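Colleague: Dropping the structure in here first, questions after.
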Amino acid sequence: MGWIRGRRPRHNLEMSEFHNYKLGLAKSDFSTRCQKQRCPVIKSKCRENASPLFFCCFIAVAMGIRFIIMVTIWSAVFLNSLFNQEVQIPLTESYCGPCPKNWICYKNNCYQFFNESKNWYESQASCMSQNASLLKVYSKEDQDLLKLVKSYHWMGLVHIPTNGSWQWEDGSILSPNLLTIIEMQKGDCALYASSFKGYIENCSIPNTYICMQRTV
């Protein structure tokens, strides 16, 4: 009996330690399972939080690209309008007499720039119907406004095949120091462009034109 009593406390101690050990393992296993179960949840939440951020970044980039495109378009439109704007005439020039309504009065001459396209003969007839003629260049000083012209317009200059000269509608010969004639196409008529240049063109091709009326 003494031996049995002596062993029971030891047995109880071992059982208690074994029970505590199993309890510790159970807690550790439970903690591990909890951590494993929580990780997908946390990752899912991270993805959910990342989605709005990614969407916001995508929207910001798209808006930035759109802004750059719009600025490029606006710049192109502005530059196009700048280089193709109508002739700006100084208002301080001396009085040059009466001109038809809406015509430009400049240094004893009246000018009108017509945007409708006609061939050379139709353009000439249109000017004559308004008691004017197609543009004649006779002086770089008195007609310095012609430096501002940006596009091509019919003027009253034609080629005479018999002698190879260029003449104005009134029969006068072109002075070589007034215009630089450039052969753009085969033809017997000439278009005026900027900086006192004339471009050879087929007379039957429609173009805009300039009418001119002398006041003196």
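For all residues, glycine too, the Cβ spot is worked out from N, Cα and C.
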Colleague: From the candidates CYS105, CYS110, CYS127, select the one that Swiss-Prot records as forming a disulfide bond with CYS211.
Modeller: CYS127
Colleague: Quick check on the record annotations: which of ASN49, ASN115 is tagged N-linked glycosylation site by Swiss-Prot?
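Modeller: Going through ASN49, ASN115 one by one, Swiss-Prot flags ASN115 as N-linked glycosylation site.
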Colleague: For CYS110 (disulfide bond), identify the closest of the recorded positions ASN131, CYS189, ASN202, CYS211, judging by Cα separation.
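Modeller: Among ASN131, CYS189, ASN202, CYS211, CYS211.
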Colleague: Could you check which of these recorded positions, ASN115, ASN163, CYS189, sit within 10 Å of ASN202 (N-linked glycosylation site), going Cα to Cα?
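Modeller: Among ASN115, ASN163, CYS189, the ones whose Cα sits within 10 Å of that of ASN202 (N-linked glycosylation site) are CYS189.
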Colleague: What recorded positions in the list CYS105, ASN115, ASN163, CYS203, CYS211 lie within 10 angstroms of CYS99 (disulfide bond), counting C-alpha atoms?
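Modeller: Final answer, ordered: CYS105.
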Colleague: In whole Å, how far does the CA atom of CYS105 (disulfide bond) lie from that of CYS211 (disulfide bond)?
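Modeller: Between the Cα atoms of CYS105 (disulfide bond) and CYS211 (disulfide bond), the distance comes to 12 Å.
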